[in-house]
Amino acid sequence: MSDSKEPRLQQLGLLEEEQLRGLGFRQTRGYKSLAGCLGHGPLVLQLLSFTLLAGLLVQVSKVPSSISQEQSRQDAIYQNLTQLKAAVGELSEKSKLQEIYQELTQLKAAVGELPEKSKLQEIYQELTRLKAAVGELPEKSKLQEIYQELTWLKAAVGELPEKSKMQEIYQELTRLKAAVGELPEKSKQQEIYQELTRLKAAVGELPEKSKQQEIYQELTRLKAAVGELPEKSKQQEIYQELTQLKAAVERLCHPCPWEWTFFQGNCYFMSNSQRNWHDSITACKEVGAQLVVIKSAEEQNFLQLQSSRSNRFTWMGLSDLNQEGTWQWVDGSPLLPSFKQYWNRGEPNNVGEEDCAEFSGNGWNDDKCNLAKFWICKKSAASCSRDEEQFLSPAPATPNPPPA
C-alpha cells in the first residue's frame, strides 16, 4: 500500500506544479511539500484565493496608468477649449451682424404699422388729388385768352345771321372749347364742352334777332365772369351762366336733329355705313323714323341728287317681297304709276330674286335684299312757331341719329 501511494503523490505534486506554473507562480519546495500534505479539495480553494489576489494586484497596478490617461484626456480637452475660445472670438463680428439683422427685421415690422396704415393711405390720396388739382389750375394767359375769345364772340353774335359770321363763330367756339376744357373740376369741364358743342349747332341755325339778343346777353354775363377767374366762386358763376345759356339754347327751334337734313317739312338721315334692306328698316325705326318713302317728284329729285352726288347705292323703303311684280312702300302704300318713270332702263328685271329697290346712278334699280348698302331714314320735322309762348317752352327731345 505504501509503495502504491508514493507514485500517486508524486503524480499529484507534478500536477499541482503544472497548475501553479500556469498561474505564474514559481515552484518552491515548501509549497510542493505543502501540496503533498494537503488533500485535493483544499487545494482548489487555495488556488481560487491566489487567483483573486493576483487579479486584485493586477487592477491596482493599472490605477496609475488610468490616472495618467485621464490627465492626458483633460489636457486634450483644455487644448480644444483654447482653440474653441479663439474660434468664438472670431465669430463675435458674425454674431453682431446676426443681431443687427434681427433688429432690422423687427424695425421693418414696426415701421410697417406706423402710424395707422389707413391714415397714411388717406394722406397719400389727398396729396395725389392735390397734385392733380394744382396741375389743372388754369394759367393766367389761358384765362386772358378765354376773355378775348368771349369778347370777340359777343361782337360776332351781334352781327348774325350772315353765314360767314356763323362759320367764324363756330371756329371761335371750337377754340373756346379747348380753353375752357383746361379749367378745374373735370366733370364741369366736360359739361361745359358739351354745352358749347350744342351751342355751336344752335348758333349755326339762328334766324331770329330776339334769340340772337338773348344769346348776346348771356355771353356778356359770361364774359364778365370769365374775366375775373380763377377764383372758385367765379368758376361757379360761369357754370351757372352756362346752365342758363343751355336753357336758352334749348328753347330755340330745332326742326331736325344734328346730322339730319331738312327738306320740305321732313328730316332725312343719310347713313355712313352699310346694312342689308331689313336691317336698314330696323336702324330707322330705332330713331323714330322709317326707311324713306317718296311722296312727290320734288322729294325724288332731292333724294336722287343726294345719292348720286355721293356715288352710292342706297336702299329706299320699296320692295315686291309680298307679291312678285307688285311694288309696295314700307308704310303699306302702293307704288304710283307716275313713279315708274324713275326706274333705270330695263329695271326692275328680278334677276336672281331681286326684290328690294335702291337708288342707283340717276334712277332706281332692284337688287337682292340681303346685300349691304347705304340707307336713308325719313321722319317729320319739328314745328317751329314764332309765338312767344311757344318760344319759351322747351323743345321736344330729339333722338340721336342711328349708328353710322
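Every residue gets a Cβ built from N, Cα and C, even glycine.
Residue ranges 31-34, 111-114, 147-150, 175-178 are listed, and Swiss-Prot annotates 31-34 among them as motif 'Endocytosis signal'. Take the candidates Cys253, Cys256, Cys267, Cys284; Swiss-Prot pairs Cys377 in a disulfide bond with Cys284. Looking at Cys253, Cys267, the record from Swiss-Prot puts Cys256 in a disulfide bond with Cys267. Cβ neighbours of Cys369 (disulfide bond) (same chain, under 8 Å, six or more residues apart in sequence): Asn276, Trp277, His278, Ser319, Leu321, Asp355, Cys356. Here the disulfide-bonded residues are Cys256, Cys284, Cys356; the one with the fewest Cβ atoms within 10 Å of its Cβ is Cys256. The disulfide-bonded residues under consideration are Cys267, Cys377. Their Cβ neighbour counts within 10 Å are lowest for Cys267. Each residue in the repeat '2' (119-141) has a pLDDT score, and their mean in this model is 60.
When the recorded positions Asn80, Cys256, Cys267 are ranked by how far their Cα is from the Cα of Cys377 (disulfide bond), Cys267 comes first.
Taking the C-alpha positions, the distance from Cys256 (disulfide bond) to Cys284 (disulfide bond) comes to 15 Å.
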